[in-house]
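To start, the structure itself, in structure tokens.
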Amino acid sequence: MPVTMSRAILDNFLGNSPKWFKLAIISFLVINPIVFYFNPFIAGWLLVVEFIFTLAMALKCYPLQPGGLLAIEAVAIGMTSPSQVLHEIEANLEVVLLLVFMVAGIYFMKQLLLFVFTKMITKVRSKVYVSLLFCVSSAFLSAFLDALTVIAVIITVAVGFYSIYHRVASGKSFADSHDHTSDGHPQLCEEELESFRGFLRNLLMHAGVGTALGGVCTMVGEPQNLIIAAQANWQFAEFAIRMSPVTVPVFFAGVTTCFLVEKFKVFGYGQQLPEAVHKILSDYDAHEDANRTKHDKVKLLVQAFIGVWLIAGLALHLASVGLIGLSVIILATAFNGITNEHALGKAFEEALPFTALLAVFFAIVAVIIDLQLFAPVIQWALSYEGNTQLVVFYIANGLLSMVSDNVFVGTVYINEVKAALLNGQITRDQFDLLAVAINTGTNLPSVATPNGQAAFLFLLTSAIAPLIRLSYGRMVWMALPYTIVLSIVGVLAIQLGALEQMTQYFYDTQLLIHHSAQAVTDSVVSGH
């Protein structure tokens, strides 16, 4: 039967996505202009829900295409303007540069990171200790590198482990070329492979939560942290100190949760590394050590020095995050002899699709701001006073961040709170406390779903997710114990007065100074 033109168009539309998903996107595109004509506010919220739906269906179709079509239509029908979208991207240029350059920069340090994490896996046999190592090291790295960068590193490590095992288990040597995405090799033991997949899922989830535990602590840990720090006019050290009354107890609670879920093997955790797989990875490690040349050792040494520069540059805020990432690319490639254009291009493959998706997301933010979708929630939260106001903002941010990306939740909230400060509705000291509540509220409960955490979405849409059978639902289930513990400990730190009391102590000991409202007027308020 010949294929009709309409059938060919539908087949090509969104490629191999399920037919029901294609029809859903088409129906969204038809419905939105009609609803917008009658009620722009409802149409705006409908668009937000539809965009969240495309994020939730990330394994069916990468969200850039369906989300991008919704964003293009939103601009075309007047929900927002191209200039407002451009303004949002300009206001968040540091985040874009971070994604483009920092993630690519870490690509050229993956030999060192693969070396370190391979040693962790092969030298430490206790699954509980390995899990704690991955969680804590991810948290430490996220405090300096940005959570997205760290999860990109862990993904690289996991793909490395998986491909090594898959290659050898398929009857090939370490040096042979091999397609590790195909399971059609008769030598593979299905039970062993499933156990290894479960082991890698565990480590990736512990590492992912670790990035949230460390990422909330510093201004470079998460994209929205940079935005919040810029609005509040805080530098690296001040940001970390102000967050500490909430982030320190949350960190220890998170590490304890990691220990408990592994110890009691609940929520899909406790998967052991099969002995045969451990032997393959140990043999690979020994093979690499034996065949490591002077040139290879120099490369590892160079990458270690660049790592020191990276941490020092970020901690001392010597340049913007993206520019430090660019310096990492230049130093790593120059001193490791990578001068081929195609070799350079591979470093950008992982980050650029997500960067494009982030630009689409900023178009949705522009709609939220232009149609004032969050205004009722903000005004309701501001109607409370003192410590209760902090708790309300934490919970309101947390609930929204669970279902929508925490970057735009944090961006919208900090802008609205800053506007309230400039309008005289709140004091500067209360603004600073609210900024802490917003930052922790967007970072901690958002581990609930991949929609909230950019690093989790990055993991869900990465090459490793289908290999280890890490689906959206499975991520939500495995994140659940962390979601409950981190959210509750965070809200208790605010509710019981620890945030206000410790902040006052920091003022008294002059670790912090009181800012004036005037200090924030120089920074750009995104979306206004």
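Note that Cβ sites are derived from N, Cα and C of the backbone, with glycine treated the same way.
The transmembrane segment annotation in Swiss-Prot covers 25-47 (among others) and is backed by sequence analysis.
Among the features that Swiss-Prot reports, transmembrane segment is placed at 66-86 (among others). Within the chain, the transmembrane segment (66-86) has long-range Cβ neighbours (under 8 A, six or more residues past its boundaries) at 14, 21, 25, 28-29, 32-33, 36, 40, 43-44, 47, 50-51, 54-55, 57, 356-357, 360-364, 366-367, 369-371, 527.
What Swiss-Prot lists as transmembrane segment is 97-117 (among others). Long-range neighbours of the transmembrane segment (97-117) within the same chain, counting only residues 6 or more positions beyond its ends whose Cβ lies under 8 Å from a Cβ of the stretch, are 134, 145-146, 148-149, 152-154, 156-157, 160, 223, 226, 288, 296, 299-300, 303-304, 306-307, 310, 320-329, 332-333, 336, 338, 346-348, 350-352, 354-355, 358.
Non-local neighbours of the transmembrane segment (130-164) in the same chain are 98-99, 102-103, 106-107, 109-110, 113-114, 117-118, 120-121, 124, 174, 178, 180, 196, 200, 202-204, 206-215, 217-218, 220-223, 240, 251, 254-255, 258-259, 262, 269, 273, 280-281, 284, 310-311, 314-315, 321, 350-351, 354, 453-456, 458-459, 462-464, 467-468; each lies 6+ residues outside the stretch with a CB under 8 Å from one of its CB atoms. Look at Swiss-Prot and you will find 130-164 (among others) tagged as transmembrane segment.
Swiss-Prot lists 241-261 (among others) with the feature transmembrane segment, giving sequence analysis as the kind of evidence. Here the transmembrane segment (241-261) has Cβ contacts under 8 Å with residues 128, 131-132, 135-136, 139, 206, 209-210, 212-214, 216-218, 234, 267, 269-270, 432, 435-436, 439-440, 444, 481-482, 485-486, 489-490, 493-494, 498-499, 501-503, 506, 511-512 of the same chain, all six or more residues outside its ends.
Taken from Swiss-Prot, the feature transmembrane segment applies to 304-324 (among others), supported by sequence analysis.
Proximity of distant same-chain residues to the transmembrane segment (351-371), defined by a Cβ-Cβ separation under 8 Å and at least 6 residues beyond the stretch ends, is recorded for 40-41, 43-44, 47-48, 51, 62-64, 67-68, 70-71, 74-75, 79-81, 84-85, 87-89, 92, 95-96, 99-100, 103-104, 148, 152, 223, 405, 407-408, 411-412, 415, 454, 457-458, 461, 527-528. The transmembrane segment annotation in Swiss-Prot covers 351-371 (among others).
Same-chain residues lying 6+ beyond the ends of the transmembrane segment (390-410) with a Cβ under 8 Å from its Cβ atoms: 48, 51-52, 55, 92, 95, 222-225, 227-228, 358, 361-362, 364-365, 368, 377, 381, 384, 417, 433-434, 436-446, 448-449, 451-454, 457, 483, 487, 490-491, 494-495, 499-500. The feature transmembrane segment is assigned by Swiss-Prot to 390-410 (among others).
According to Swiss-Prot, the transmembrane segment annotation covers 448-468 (among others), on the basis of sequence analysis.
Residues or ranges marked as transmembrane segment in Swiss-Prot: 476-496 (among others). Nonlocal intrachain contacts for the transmembrane segment (476-496), taken as residues 6+ away from its ends with a CB within less than 8 angstroms of a stretch CB, comprise 201-202, 205, 208-209, 212-213, 245-246, 249-250, 253-254, 256-257, 260-261, 266-269, 387, 390-391, 394-395, 398, 402, 437, 440-441, 444-445, 447-450, 456.
Sequence-distant contacts of the transmembrane segment (448-468), counting only residues of its own chain at least 6 positions beyond either end whose CB sits under 8 Å from a CB of the stretch, comprise 52, 55-56, 58-59, 62-63, 147-148, 150-152, 155, 158-159, 162, 180-181, 197-198, 200-201, 204, 208, 211-212, 215, 222-223, 350, 353-354, 358, 401-407, 442, 475-476, 479-480, 483.
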